[in-house]
Amino acid sequence: MQPLDFGLRAEDILATAHVVDLPLNTRFRGLDRREALVFEGPRGWSEFSPFVEYLPAEASTWLAAAIDFAYAPEPTLLRTEVAVNATVPAVPAAEVPRVLARFPGCTTAKVKVAERGGTLAQDVERVAAVRAALGPGGLIRVDANGGWSVTEAEIALEALAPYGLEYAEQPCATVPELAELRTRIAGLGARIAADESVRKAEDPLAVARAGAADLLVIKAQPLGGIARARDIVAAAGLPVVVSSALDTSVGLSMGARLAASLPDLSFACGLGTAALLAADVTDAPLVPENGVIHAERIDVNPDLLTRFVAAPERRDWWFDRVRACLHVLAEPGSSASNMTNRVTS
Ligand SMILES: O=C(O)CCC(=O)c1ccccc1C(=O)O
Ligand SMILES: [Mg+2]
């Protein structure tokens with residue numbers, strides 16, 4: 001295995017890089033705009049878009065993923081399209097039909113709950129509105145982003161049980177809490193999925209090993225790219241939901257191609273979020289049609305890069321961030337550097 005020449009790679013990345021600032025059509029995760037850096041490598045367009053508050057130690061894994069997607073060969077794809085869920089931000093119940101209308105054909109919806117400043121009653125109303133819109137045949141999953149204590153989660157999942165939940169994503173923040181909740185609600189039949197406990201953990205497999213989740217949420221960018229995410233899926237021995245992080249269509253295409261490469265894909269993917277963007281970097285965004293997105297690479301339209309270009313100081317900030325993350329990847333022994341070395345292997 002040859003180590004990467006990170007100095008050269010920084011020039012390569014920044015030579016084709018564009019930083020965009022895209023408006024959302026629905027407030028999500030406290031954001032109404034999304035910044036992302038896209039660049040072009042020999043394999044096509046790639047994206048580096050950790051949230052702005054992430055420090056280089058965490059963001060460097062996202063850069064490893066972006067480099068992998070720009071430079072490394074891809075696995076064999078087993079399908080050309082993947083089913084996706086509608087993503088319902090923590091909106092008032094009355095807004096649910098408007099949000100769901102952006103996800104044509106999606107019969108699974110993921111509903112954000114436990115958001116700071118919200119109440120359980122609002123969460124229940126939102127989930128009830130989603131059930132009313134989807135009908136009895138739809139599947140509803142909720143995502144608490146670790147916002148509940150074990151007892152709060154127990155109370156909330158009991159209150160939501162009448163609406164029929166496919167699973168609850170990261171109901172509590174830590175692996176021991178998830179394990180405790182899982183034993184407490186065994187009678188309820190609600191499954192638990194781990195998201196932050198996979199993508200923000202030092203060891204993404206610890207939650208599976210602890211028996212603290214029924215399934216794993218797998219995100220290509222935070223896990224270091226398609227190849228490493230595939231390794232984690234194979235080692236975990238649990239069903240997975242491939243998801244994303246409010247990426248542009250370029251980042252979503254990384255997730256879609258990961259999903260399309262997995263032998264077992266029985267859950268709808270959380271890859272429909274281009275529908276929450278009011279602008280994208282391509283004329284053919286990966287928005288859901290008939291409940292699916294296509295697992296294709298994205299052709300970026302240069303006019304859109306110009307129209308939605310970030311302010312010069314934000315561009316400089318992202319370019320410095322790339323350099324800082326490359327430094328982390330270049331540190332010998334950094335786990336991220338081990339994963340990026342496979343780019344040249
Ligand atoms: O899974 C989805 O439907 C969309 C992705 C999503 O919810 C998300 C997007 C950005 C940041 C965090 C999350 C999350 O799953 O917690
Ligand atoms: Mg989540």
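Placed from the backbone N, Cα and C atoms, the Cβ positions cover glycine too.
Note that TrEMBL annotation is computational and uncurated.
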Same-site residue for Mg(2+) (record: TrEMBL; known: D143, E169; options: D123, D195)
D195
Quick test of your reading of the structure: among the recorded positions K112, D143, E169, D195, K219, whose CB sits under 6 A from ligand 2?
D143, E169, D195
Using all protein chains shown, find which of the active-site residues K112, K219 scores highest when you count other CB atoms within 10 A of its CB.
K219
Are any of the recorded positions K112, D195, K219 near ligand 1, with a Cβ under 6 Å from it, and if so which?
D195
CB neighbours within 10 A of D195 (Mg(2+) binding site), counting all protein chains shown, number 23
Could you round the CA separation between D143 (Mg(2+) binding site) and K112 (active site, proton donor) to a whole angstrom and send it over?
5
Tell me, by DSSP, whether E169 (Mg(2+) binding site) is helix, strand or coil?
strand
